[in-house]
Structure formats: C-alpha cells, structure tokens
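K.L.:
One structure is given below, represented as structure tokens, and several questions about it will come after.
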Amino acid sequence: MAPPRRDDLFVDMDSDSDISVPDNAEFDGGRGKGKGKATEKRKKGESKKPKDVQAYTWEASYTRSWETVQEDEAGSLQHSVEDYVARGRRKRLLEPPTAIRRAIIRHLVLILDLSASMLDRDMRPTRFSLMLQYAREFVLEWFDQNPLGQIGVVGMRAGVGERVGEMSGNPQDVLKAISDRHKLEPMGDPSLQNAIDMARNSMNHLPTHSSREIVILFGSLTTVDPGNIHETLDECVKNKIRISMVALAAEMKICRDLCTKTGGEFGVALNEGHFKDLLFELVPPPAQRAISKTGGAGSTNASANLMMMGFPTRLPDASPPSLCVCHSDLKSDGFLCPRCLAKVCDVPTDCDICGLMIVSSPHLARSYHHLFPVKPYAASLT
C-alpha cells in the first residue's frame, strides 16, 4: 500500500470516517503551536491578576465590609452601636444651648454644577445622578424645617449660568424644576462668576429682614469666568449674601474665599455619605453675624424690626369656584388674604395684590423652634 500523500494541510487517509476538529483549533502551519502557547500564557496571566483591584472608588466601601464591624470581648456588637450613638451625642453637645439670633424667613438659591466633570464615576452611579438625588432630599428637608423660606435653582454649564427654577415657596415647584434630567444634561465647563451673578440679581429686590443665601454643589477643578470673580465676591459681601459650598473634587482657594469672606460654610466630600452630611448641615438657618453700631462702643446685634404678617382664611372644597391671583386658575379650594381678600393657592406666600406675607400658624411655629434650641439633657443610668 502506498504511503499517505501530504499536500500542504491535506492528508490522505485510508479510512472514510470524519475527523472531528475542535472549534478553538488553529491551523497555521508551523505557527499553530506558538499561538497555542501564547494563548495559554495569556490565560495564565489573567488568572494571576489580583482580585482586590476595584474599577471604581466607591467599590472599596463594599470590599469585605463585614470586617469593619468590631465585636467586644463577649462577642457582642452592642459596643459598636453605642459608639455611633455617642458620636451623635457629642455632636449635639457641641451646639450652643443658648438662644441665637437667626433669620426664619430665608431665601436660598441652589447652584448645581452641570459641567462635564459631573459625569465622573468616583461617586456611584455618577456625580450628576448622586447630586440630583441629594438635591431633591435637601429641598424636602429644607422646606420641612424652613416653611417660610423660598428656593430658586440655577445651573452652570458651558461657561454660562442657566435659570433652572424660579424662586418659589412651594417644594413641588422646586422638585419639578430639577426632575427633568434631559434638560440638565452636563456639558462644557462651569462658570462660578456667571452663576453667582445670576443668583445675586434674583435676590436684589428681597427685603432686609430675610436672609440671602447661596448653596453651590461644585464638582469641577476649573471655572471659566468672563471677568474678575473677586469683584463679584465684593458685591456679595456688600449685599450681605452668604455663600456656602460643597466640593466633590478638591479644595480651591477661590472657593474657600467665597465661603469665608461671606460667612458661609465650605467642605470637600470624601464619599457619598460625607457628601450628604455636608449638604444637610446647611438645612438649619445660620446665625446672624454681629454688626457694630456707629454711635456706640463694642459690637452688638442690630435692633430687631417688627414685620407684618397675615393669617388667611381657608376656603372649603365645596365653595364656589373662583380665580386665584397667583396662577389665574379656576378652583374651589384656596386661601383668602386677610387684607384685600384676594385668593391664593398655597401658603406661605406674598400676596400679589397688596404684598402682605400670608402664613399659617403651624408654619410659624415650625420656624420658631430654631430660635430657642432645646437644652442638652443629662444622661441618667437606671
């Protein structure tokens, strides 16, 4: 019998049976063995990679999280729980127990960073998504503790400042303004000067008895300003506007100066929980700074002025429909201004006809508790 004939890659066999070829087999002449060895080496190299390498920073907090729980000598977790309770107790003791003068009628402009840097994933899922989530929670908590205040929203992206929501005392209007993610898509670079100027211009007409505050959620390391931002800072100091900022990236000197010279608070968030803590520390009304009198010695607070408020009459749902002066909507329920009998939809608000501030007694009581904080209690062991 003649020997089998080999033509390149084809072999003549005596048997007519089929030859099964594996899918991952490589036929490339003499180079097939080299490729197979290279593939095996590559697979071995992948298996030797460390498993503790995280793709994102936030994954580190979930790596072997059970090791952070400490047990005492008896194997109980009660000591860890008591440690957290003691931290909160020490934080409350640091608060001044005496009465502090605060402004219960607050006007705040929330400035959101909508630049491209907010798409970073060092905070899960992104800085942008986390900022919107905490901003919504901040608005609800802020109105719960400051029912007589108003909030406006300004965004900064592509080097300009954009008005996201008008100044409003209704939390639903503010939440609706920041709920549309498509209109708030991050892009470009932020501009602190343009955003602060827009917020400052929206608060120029406010009365002197109300506080003017700006809270900035800033995640970039640059700011694109058309002019000298220090001139804007001087205008804010002149207009008694308090600027507070929560940075998500790092501390910049201009950001620290904006907060320090206006009497605000500045902090850099280390993680998601710290970001929320820094933001919610701005919910209580800040203490008013002492103003020195020109004719007297020393530094004392300015004299308090009385302001006029009106308690409205609430209309029942079965009352005849009528137009409201705020939205020109025909509805049955609402509130009547005690001075001009104009109909408004919600309180607290300012009457569009006579300008009287319309509030309800529960709103006034909820704002009043900030002026007289509860004295620290003495722990008793039973």
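Glycine is no exception: its Cβ is also placed from the backbone N, Cα and C atoms.
Annotated compositional bias 'Basic residues' per TrEMBL: 32-46, in sequence order. Per TrEMBL, the feature domain 'VWFA' maps to 107-258. Among the features that TrEMBL reports, region 'Disordered' is placed at 1-52. Sequence annotations record features per position, and here TrEMBL assigns zinc finger to 337-354.
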K.L.:
Work out, from DSSP, the number of helix, strand and coil residues along the zinc finger (337-354).
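P.N.:
Split into helix, strand and coil, the zinc finger (337-354) gives 0 helix, 4 strand, 14 coil.
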K.L.:
How does the model score the domain 'VWFA' (107-258) in terms of mean pLDDT?
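P.N.:
For the domain 'VWFA' (107-258), the model's average pLDDT rounds to 94.
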